[in-house]
Amino acid sequence: MAAAPAKSKAPLLANEGNEGNEPQDPELTRSPFTDDGRPSEPERIQITIHAPHTPPSANLAPSNQSLIGSSADAPSGSDDGPLSGLTAEEAAARLLQYGKNEIPEHVEPWYVMLGKQFVGMMPFMLIIAAALSAVTEDWADFSVILLMLLVNALIGFHEEFKARQSLDALKAQMTATVPVKRDGTMIIIPVADLVPGDVIFLRGGNIVPADCEFLEGDEMLVDTAALTGEPIPRKIPRPDREGEPTGSGKLLLSGCIVKQGEAHCEVRETGLNTEIGQAAGLVAEASGHQPGIFETKIMQVVHAVILLALVDAGIVLYLDVAHRGIVFSKALLNVLALVIGAVPIALPLVMQVTMAIGAASMASKQAIVTHLTALQEIASMTVLCSDKTGTLTTADMRVLPHRTWTRNKLPKDDALLYACLASNPANKEDPIDKAVLGSGHEHFGGNEAEQLMARYKKTKFVGFNPTVKRTVVYCEHEEKGKLKISKGLVDKVLTTGDDGGDCWECVDANVLRDELKEVDIRLSSQGYKTVGLAVSEDEGPMQFVAIIPMLDPPRQDTKVTIFRIRAAGINVKMITGDHLNIAVETSRLIGLGTGILPASDLWPASATRDETIMTADGFAQVLPKDKREVILVLQNRGLVVGMTGDGVNDAPALAQAQIGIAVDGATEAARSAADIILTSPGLSAIFDAVVESRKIFARLRSYVLYRIAATIQIVLVLSILIYAYNDTMPAIYVILLALVNDVTMLPVASDNAAPSALPEIPSMPSILLASFLYGFLGTAQTMALYMSDLLQGDGSDEYRMAVTYLQMSIAVELFIFSCRTPVYVCNFFRRDSLPSVLLVVCVMGGNILVSLLAGFGDTFKIVHKVAWVDIGWIWLYDLLGLLVIDFLKRFFNVVGVDWMSAGAVGDVLGYPNLPDDFHHASHRSTLLHSRASMRSVLYHSRLSTISQGGGTGAAGRTASSKPSGSTLPFPHNLRAQALRHLHSF
């Protein structure tokens, strides 16, 4: 170890010159990255370690506390007193005494879930139908209807129970943790294992895990809206108010969110003994399935179809009784058959099961869905706003002590030591504190670092928050006296301004400002994140002493992932609080573009500003309000916005975005505001989630299209038979058709699906139009066979009706193969266009079953016997009908996805002249999304590609870079690239 300084106390800065500056150091001008974005290897240099102004003979007692894993450098500076925490044995005993720190969730018993399967419109109708059959002594119909009721209930129970198990498995993956002091060391444990007496560390972004008492730390701002409804955060600690119990001003209640500050707190109550736990028994929380926008719109359409069927049934009932002389009970049974045919009983179940299976599949891709409706939203995402640190970069920061810039010959080792003192070891989630402390431990060596840190007694620590953007520590040293050290953003350390924190202005701030800016820009332009350092001795003025560079390299997969996301029709923007030059350099390395603008360009609001937001690659030096403003502008342009974040300052933006995405390692506040929580770092999990959600949406869309079309066909056929031919299909036929259809369509939830190459903006008019066209074509096919004399059999009306039923049952089942793909029923050149084996087996098995019931009609006594040769002709007739419908669908593009389908991607991407005026609709208020909004997204995506050399044309881009009526060049192979990337998943 190098010789220590003399024992006499020396001033922090020997003189006011700039001898300590090293602007010509080649290490400051060499880029830390190679051309492909990987960090370059630093040159090996010899570093002399200076003990900070302590005699060599000083008695350095060995410390049993780790610089990284201990709270010895927390505000108290000691393990004695109220910060001592519990031992492992004490915690185990109290866990047995008080139980887990959790509020038992009400779980619906299985028998209640089963009983609910017999409640609702469809079960009610089946029960009435069974009762009427018993009254008329039609025991065959009664048996079949009762069987259908039981089978439908058991299937619904089985699928819902599996869906609940899948969601429970997802919840188990979202276990919250908290730093707690056990045996004198800060460790991370599950929140459920907290016990009264535990000393925990809370920081901005944490959700208070139990009722706690403030012990020591910053003044905290705590959002209590979850309990009290107060919109303004409370300050903790505060003086007790009149009438309050003693200590109320230091109490943090479970469920509240720490908005700012960091402190040690002691757990007072856990589980049901907390305030929120006691209220849980008195308050009925909303729970269960919450439908999304797409599902809500679909169910509105279904209800409208059912209402029309009920009106139709009323008219039929009147005609049967008043004019045809049919007995009322028999007429009512016939009408019930019509209504049963109009109710798509399995639609809600299939939609819920599809989303539950999709959520489980996304969890396997490191994306946990907290709200199932997000599965519908992320498929429609057109813009992704991503933060930088930890998402685009590794967040595994490294301090480079040998590149530190210092003033007045301050040793670089001293600068690193001061930075360590201004970091909180208990704050294990902060990447900067973690990097500084880790570098200090590595640079000085384990024992040496502990000895150096032990010489300083901390008396007060003010943690980092997004407003002041700095930390401050007050400490005492036997030789240096009282020290005040601040670490943070260079500008915020040099001159704090009146921002609500400890305020000062460093000596010669105005003189230093330009020089510091030059050093900061030089380092940040090379990709370094910079941290400023200021120190005050003996309550003297603050003096700026150092700029410490930190390296946060881009992830190796970021560049490829951004290309894949953009190829999927999603624009990507960076929104970061980091320095502008750092953001520009990082954006260049990852291929995002260099159109990064400062947050100052976001204000004031104007039409030009809005267009700038649309065309920019991102924004730097943003505050929480800036992030939310960017999202609002994009949403007002009709775009579906996804936002990634990890801190409490990101929570407002995550809540505002249609798809809030909490990245790996996010705070509890960010996770609670998010719709999707990533469990692996980087953007690749988001791309996987997009692909999976588009597959889910494709399954939902195909089944909705199919089910509405089938309902329309059944209602139209039954109505035409009654009105035009005074003929009625037996109720047992309709009930059997519905039963078989409900069972065979469940595999749609796990069917093969091709993700669309563009965002799925659902269009209800196109889906309804396609459904009606399918329904009308199917009706025409059925009525053509009914009116023909081709399959007469024994010539009876019963034979003709049995043939009509069999044809319609098989045709309706085969419909799903046409509805599930926008192109041909089976494209053997595309693996994902083929139906799943399970779906094929179930559909064909259902058709074989009804064929056997008809072929052996004299044995089963359910369907009138039909000749086997006629059954063969019916199969051929329906298969030919499927091919005809498939041809018409392809030729006229009548499938419900219209131009948004994968098969039409080339037409959209090749659109040569984009209109100047785009009509934008809000995605939150309606699903009637115009094509212009999507073309707007593609337009800006083209500009972004051009700016990076992806096409010919201007290299830069501005808000006015698109001339009126201009042709925008675009890579001809982008369609193939997009489809290849998506279909590979």
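Cβ coordinates are placed from backbone N, Cα and C, and glycine is handled just like the others.
Caution: TrEMBL annotation is automatic and unverified by curators.
Listed features, source TrEMBL:
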- 1-85: region 'Disordered' (REGION)
- 1-14: compositional bias 'Low complexity' (COMPBIAS)
- 33-44: compositional bias 'Basic and acidic residues' (COMPBIAS)
- 55-138: domain 'Cation-transporting P-type ATPase N-terminal' (DOMAIN)
- 56-68: compositional bias 'Polar residues' (COMPBIAS)
- 69-82: compositional bias 'Low complexity' (COMPBIAS)
- 118-136: transmembrane segment (TRANSMEM)
- 142-161: transmembrane segment (TRANSMEM)
- 301-319: transmembrane segment (TRANSMEM)
- 331-357: transmembrane segment (TRANSMEM)
- 704-725: transmembrane segment (TRANSMEM)
- 731-754: transmembrane segment (TRANSMEM)
- 766-787: transmembrane segment (TRANSMEM)
- 799-817: transmembrane segment (TRANSMEM)
- 837-856: transmembrane segment (TRANSMEM)
- 862-885: transmembrane segment (TRANSMEM)
- 947-969: region 'Disordered' (REGION)
Short question: which residues 6 or more past the ends of the transmembrane segment (862-885) have a Cβ under 8 Å from it? 140, 144, 732-733, 736, 774, 777-778, 781, 785, 790-791, 793, 796, 798-799, 801-803, 805-807, 810-811, 814-815, 817-818, 825, 847, 850-851, 853-856
Which of 118-136, 704-725, 731-754, 799-817 shares the most C-beta pairs under 8 angstroms with the transmembrane segment (301-319)? 704-725
The transmembrane segment (766-787) and the transmembrane segment (704-725): do they have three or more Cβ pairs under 8 Å, with pairs 6 or more apart in sequence? yes
So which residues does the transmembrane segment (731-754) touch in its own chain, when a touch means Cβ under 8 Å and the partner is 6 or more beyond its ends? 126, 129, 133, 140-141, 144-145, 147-148, 151-152, 155, 159, 333-334, 336-338, 340-341, 343, 345-346, 349-350, 353-354, 357, 695-696, 698-699, 702-703, 706-707, 710, 714, 718, 801-802, 805, 808-809, 812-813, 816, 820-821, 830-836, 838-839, 842-843, 845-846, 849-850, 853, 862-863, 902, 982-983
Same-chain residues at least 6 beyond the ends of the transmembrane segment (766-787) whose Cβ lies under 8 Å from its Cβ atoms: 301, 701, 704-706, 708-713, 716-717, 720-721, 725, 800, 803-804, 807-808, 811-812, 815, 818-819, 874, 877-878, 881, 885, 888, 894-898
Applying the under-8 angstroms CB criterion, which one of 118-136, 331-357, 799-817, 837-856 scores highest with the transmembrane segment (142-161)? 118-136
Below 8 angstroms Cβ to Cβ, which residues of this chain, lying six or more residues outside the transmembrane segment (837-856), approach it? 736, 740-741, 743-748, 750-751, 802, 806, 809-810, 813-814, 816-817, 862-866, 868, 871, 875
Which whole number is the mean pLDDT over the domain 'Cation-transporting P-type ATPase N-terminal' (55-138)? 68
